[in-house]
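Copied over from TrEMBL, here are the features:
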DOMAIN    211-279  domain 'PROP1-like PPR'
REPEAT    244-278  repeat 'PPR'
REPEAT    279-313  repeat 'PPR'
REPEAT    314-348  repeat 'PPR'
REPEAT    381-415  repeat 'PPR'
REPEAT    416-450  repeat 'PPR'
REPEAT    451-485  repeat 'PPR'
REPEAT    486-520  repeat 'PPR'
REPEAT    521-555  repeat 'PPR'
REPEAT    556-590  repeat 'PPR'
REPEAT    591-625  repeat 'PPR'
REPEAT    626-660  repeat 'PPR'
Amino acid sequence: MKSSVLVISLCSSGLKQIWGTKKRGRYIAPGKSTLCSLSQLQDECFVVGDDNNFYHDKGISAECRRPNDISCGLSVVNEFVDKNSVIAEFKKVEDDEMRTIKFILKNHGWDLDSLSGCRINVIWVLNILFEEGSPALALYFYRWLEYFTGVEHSERVVCRVIHLLVSGNMKHKAVDMIQNLTASYARDEGAYNHLLRILIGTHTDKRVLTTVFSMLVNLCIKKQLVDVAVKLTCQMKHLSIFPSLGVYNPLLRALVKSQQLDLAWDILEEMRIQGIRLNACIISLFIDAYCTIGDFETGWKLLLGMKSYGIKPDVVAYSIMINSLCKRSYLKGATSMLFKMTHFGVSPDSVTISSLIDGYCKVGQLGNGINILKIFNYPLNVFMRDSFISKLCTDGKMDEASKLFHEMCCLNLHPDCHSYTTMIGGYSKVGNMRRAYQYLGKMLKSGVTPSITTYTMLIDTYCKSGDTNMAECLFQKMEIEGLIPDLVAYNTLMNGYGKNGYLHKAFELLDIMRSADISPDVVTYNILIHSLTMRGFVNEAKGILDELIRRGFSPDLVSFTNVIDGFSKRGNFEEAFLLWFYMCENDMKPDVVTCSSLINGYCKERRMDEAKTLFHRMLDIGLIPDLILYNTLIHGFCSVGNMDEACNLLSMMVRNGITPNNITHRALVLGFERKWARNPEESSAFKLQEIMIQYGIYVDANEYLTRV
């Protein structure tokens, strides 16, 4: 206390500096403080009456106290403090604010020369300073008192100050105080209810209380406590208090984002009942939600039904529909909607046109995209250009992509990071690293900083070509440039290590990831499992799989398939089937690749009866064999000289629309060799021709074999 007195007795400017630089938490209770005792709560406090004026009451009920409050180790400044010590301290501080405070309080009978009386009602002082001074003056006293005593105010005092700040149009300060007060609440719904009761018990103006409640609800939304925000809104409704439109909008957005559409509709209906005018932005939230889940019919009905709300559909609502249709490749419907919106007098903007062009480019219909541009006479922008270039790069048409890139630069459409990265990725994909680095050089020369995605593309290319040293250099270069590698970058380099046999480096990188606070995902562990099985370390791969399950991860189909494949190749079918049954017991349906792993193992062991049984079991559960699986089985039967089964499979394969290839032909050649055919090549060719003609496919055997 003595140290506090010495500090406060400093000159006025020094005191202001201390208060100005002090952290907000020093002055505002962070929500951990205990409430004042029941006896103090039952003393004088101010409650609002029907006429919005103060009257004296015995205090708020004991229900407002939280029984489980934990003290932060300091006594709490409550509504009453020792009058003698405060007056003594007042006399030592002489600045403009304190002189004003002394003057106001003296006018209300607080004689600084008289030390009679033992307690001062803090809320009373704050109210007087607000009414006859300003909210800033009340806040000054509030902070001074907390600094002087060295302890925190009670929640009732804090709540009263929040009301005063809102009343005095210092809402930003009020928001800060609410944020600090609720900092320790986490998801404790009871704590928010408790705060709500205190705010009700300390308010004097219903309009102010509405604003404060809206601030609290908005804060919950920002903290992603949507359920708490909804429940607080319901409690407000019981008090005939409703949030502002500025709070309803983010609340609806949060509910729609979390797919709580029924609750969002209830909130929307409440807004209508309260006479809040809806706008196109609000309805567009619902349109977007339905389109996201693929319910375009409901989205379209909502768009057309906007008129019933007195709202004219705008370009945003139509763009949401068109963009969603394009994402699902429903381009005919998207194009139709584009023409409908123009028919209804809504002009498309660059976003609408860009969405449709991007949709056409992604399915390879560049001509249709260009036609849309011509029809609507829209100038090409950066986004549209990137859509065309991206498609050309995907198709490997790098000369055309490079030409378009150059033309766009001539039109002053300056390439961004995404544009350069697309070109670099395109050239990397076709193996032209010289051109890829030329574009990287152009990118740096033009002042565009490469992104993590840019570096990751280059790392992936070098890993696939087996040059892990260059991939390492790029990874280090990325870190030197101040870019923090993400999970995808780590997984890409780890995959390169694994595929090239550097298992020790892959596990070292796993440790580096963890030390960088990047949590490995299922893809990371799949890379390790696959790398181990490829090198024959199947038991070690199984150990990682078991560890994943023990730690509560959910290994995917790829994880199990890799290990099953490893055991099958080693002939350990017992372990392979244990994993198979574990998958089935945990509602994880094996796919064709999983079955192929087991069947391939059986074929290599020439256990064709088991392979055939598993194949038919696979058909029974609805799996459709692919070319690889058919070839595996055909080769297996041919290797043991069972040409009847091989030809039956070949017939099934052609009947199901799968065309035999050169691998199928070589398998048949092997089978006819086992049967001691005079000319295995010719016998194989004629058997293929015979079966294909049987199903209406007329080809010359020799010509077909030359082609495949």
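Heads up, residue numbers simply count up from 1 along the chain you see.
Glycine is no exception: its Cβ is also placed from the backbone N, Cα and C atoms.
What TrEMBL says about a protein is an automatic prediction, not a curated fact.
Only residues 6 or more beyond the boundaries of the repeat 'PPR' (244-278), in the same chain, are considered here, and those with a CB under 8 A from a CB of the stretch are 210-211, 214, 217-218, 221-222, 224, 226, 229-230, 233, 237, 285-286, 288-290, 293, 309-311. If one looks beyond the repeat 'PPR' (451-485) by at least 6 residues along the same chain, the residues whose Cβ comes under 8 Å of a Cβ in the stretch are 417, 420-421, 424-425, 428-429, 431, 433, 436, 440, 443, 492-493, 495-497, 499-500, 502, 505, 516, 518. For the repeat 'PPR' (591-625), the number of residues in each DSSP class (helix H, G, I; strand E, B; coil) is 26 helix, 0 strand, 9 coil.
Mapped onto DSSP helix, strand and coil, the repeat 'PPR' (381-415) counts 26 helix, 0 strand, 9 coil.
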